[in-house]
Amino acid sequence: QDLPGNDNSTATLCLGHHAVPNGTIVKTITDDQIEVTNATELVQSSSTGKICNNPHKILDGRDCTLIDALLGDPHCDVFQDETWDLFVERGNAFSSCYPYDVPDYASLRSLVASSGTLEFITEGFTWTGVTQNGGSSACKRGPASGFFSRLNWLTKSGSTYPVLNVTMPNNDNFDKLYIWGVHHPSTNQEQTNLYVQASGRVTVSTRRSQQTIIPNIGSRPWVRGQSGRISIYWTIVKPGDVLVINSNGNLIAPRGYFKMRTGKSSIMRSDAPIDTCVSECITPNGSIPNDKPFQNVNKITYGACPKYVKQNSLKLATGMRNVPEKQTRGLFGAIAGFIENGWEGMIDGWYGFRHQNSEGTGQAADLKSTQAAIDQINGKLNRVIKKTNEKFHQIEKEFSEVEGRIQDLEKYVEDTKIDLWSYNADVLVALENQHTIDLTDSEMNKLFEKTRRQLRENAEDMGNGCFKIYHKCDNACIESIRNGTYDHDIYRDEALNNRFQIKGVELKSGYKDWILWISFAISCFLLCVVLLGFIMWACQRGNIRCNICI
């Protein structure tokens, strides 16, 4: 008699998930190396090598520094009244005017850079009793000696240099930036030749601040034929405040003011070429895409940029745990469901069914559970980017030599921030990966439990992700299980009958083994009894003597 399990009265249904031959290794909270079917790289590690001029307005400084453009160096006149989102200073920038220094260079550079404009308004300062528009052979404007266009070099008139006292109120509703300077002659002779007094003095004040500078006369290294220097200073005058300038010599006077603006403009040193392209994020190495949450191209950035981290690679799992299919198995030879391994070749879904019935074998994806997993995973990358992308710029820090300790402290703080963000990135990605794997495992379990609840006593869990269905289940029946319309009551009697027949036959087949074992045991027992009886009989007849020695 044929077993019911071996004819067309039963079917097998397995549930499984997608797998690939070679997955991607990711890190989770509980495992440093776990293989998944798919993962997305989160660290941008290369730039385009060029700076894109859109959507940010890029101003190429060419051979001018921002401060030279601010002061009005003759070869930087093209930058007058320019505006920018990002001013790019080049490595070949140089000065071509009277040698100068800015005691608070970094602050002035940062202030002007963030303002994003060199808009200049000339004002009518009155300088009585002195000669204006001084020039130098170190600052040629064409063939003639010249000077910074935004500054006015005042010298003696005849043999006198009177005390100057000039006021300029700010009657506007915006801040005004005044640039002025103090000339340090190289010799006492030069001092008296230019300013009469043996020692000058310059005081610039507002209601909020006051600066008094006394020239430091002395020879310095020769630069462009000059051993004297000019020190550049700056003063911000708030609305309603007044600028007061008092001097008896050595004054490099302002010609007007720069209109200050507040914004997100900045400055960056870079030798990358500027090209016509679109990129939200700019680094000194060039523009980089901002579709990843992290980057390790450069610490210095401008725009909406990924967060800088030390890692070269961080992979976000965008697929499920990968368990490659055992290639030695056939479709339904000895294969198992998801508990043992995944299935390769499922191109239309992440989860699905394989079946074997009277009509043959087949496979189909479960789109609902697949879509549920995909919907939750798709938002992960955007959420990570939202958490990490900076909508502001990280400017480069500059300090003078005397501020070495501050520079060291700043470097320590920046390095610590990078270390913290690198650690945070590791933890964040590991947590997201753990959640993804748990999520995809959960969807598989949900589908399995949903199928179990439908089949009830009509099928038996085989323990490997498959069900043995104890009734005839054609393709239409299999489809009803997949789409959730299966009615177990229709097949209940048939399933119970087949189950009892199969179990009964299996039980009868099992009795043969028990009978064999029991028969063998009884035979051994009887043999022992006969042997013992023979020995006792022989002892009584005297044919066998047994001596016991103590």
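We number each residue from 1, going along the chain as drawn.
Quick reminder: no glycine exception, Cβ is built from N, Cα and C everywhere.
According to Swiss-Prot:
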- 1-514: topological domain 'Extracellular' (TOPO_DOM)
- N8: N-linked glycosylation site (CARBOHYD)
- N22: N-linked glycosylation site (CARBOHYD)
- N38: N-linked glycosylation site (CARBOHYD)
- C52-C277: disulfide bond (DISULFID)
- C64-C76: disulfide bond (DISULFID)
- C97-C139: disulfide bond (DISULFID)
- N165: N-linked glycosylation site (CARBOHYD)
- C281-C305: disulfide bond (DISULFID)
- N285: N-linked glycosylation site (CARBOHYD)
- C473-C477: disulfide bond (DISULFID)
- N483: N-linked glycosylation site (CARBOHYD)
- 515-535: transmembrane segment (TRANSMEM)
- 536-550: topological domain 'Cytoplasmic' (TOPO_DOM)
- C539: S-palmitoyl cysteine (LIPID)
- C546: S-palmitoyl cysteine (LIPID)
- C549: S-palmitoyl cysteine (LIPID)
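Feature map: annotations from Swiss-Prot on the structure.
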| residue | record | CB count, 10 Å |
| --- | --- | --- |
| N22 | N-linked glycosylation site | 8 |
| N38 | N-linked glycosylation site | 18 |
| C97 | disulfide bond | 26 |
| C139 | disulfide bond | 24 |
| N165 | N-linked glycosylation site | 12 |
| C277 | disulfide bond | 12 |
| C281 | disulfide bond | 24 |
| C305 | disulfide bond | 28 |
| C477 | disulfide bond | 20 |
| C539 | S-palmitoyl cysteine | 12 |
Exercise. How many neighbouring Cβ atoms, not counting its own, are there within 10 Å of the Cβ of N483 (N-linked glycosylation site)?
Worked result: 11
Exercise. If you count other Cβ atoms within 10 Å of each one's Cβ, which of the glycosylation sites N8, N285 has the most?
Worked result: N285
For this session: Take the topological domain 'Extracellular' (1-514) and average the pLDDT across it for me.
Result: 87
Exercise. Whole-number Å distance between the CA of N483 (N-linked glycosylation site) and the CA of N285 (N-linked glycosylation site)?
Worked result: 54
For this session: Out of C52, C64, C76, C473, give me whichever of these disulfide-bonded residues has the highest number of other Cβ atoms within 10 Å.
Result: C473
For this session: Do me a favour and check the Cα-Cα span between N285 (N-linked glycosylation site) and N22 (N-linked glycosylation site); whole Å is fine.
Result: 34
For this session: Do me a favour and check the Cα-Cα span between C52 (disulfide bond) and N165 (N-linked glycosylation site); whole Å is fine.
Result: 49
Exercise. C-alpha of N165 (N-linked glycosylation site) to C-alpha of C97 (disulfide bond): distance in Å?
Worked result: 28
Exercise. Restricting the comparison to the recorded positions N8, N38, C76, which residue's C-alpha is spatially nearest the C-alpha of C539 (S-palmitoyl cysteine)?
Worked result: N8
Problem set entry | Rounded Cα-Cα span from C281 (disulfide bond) to N8 (N-linked glycosylation site), Å | 65
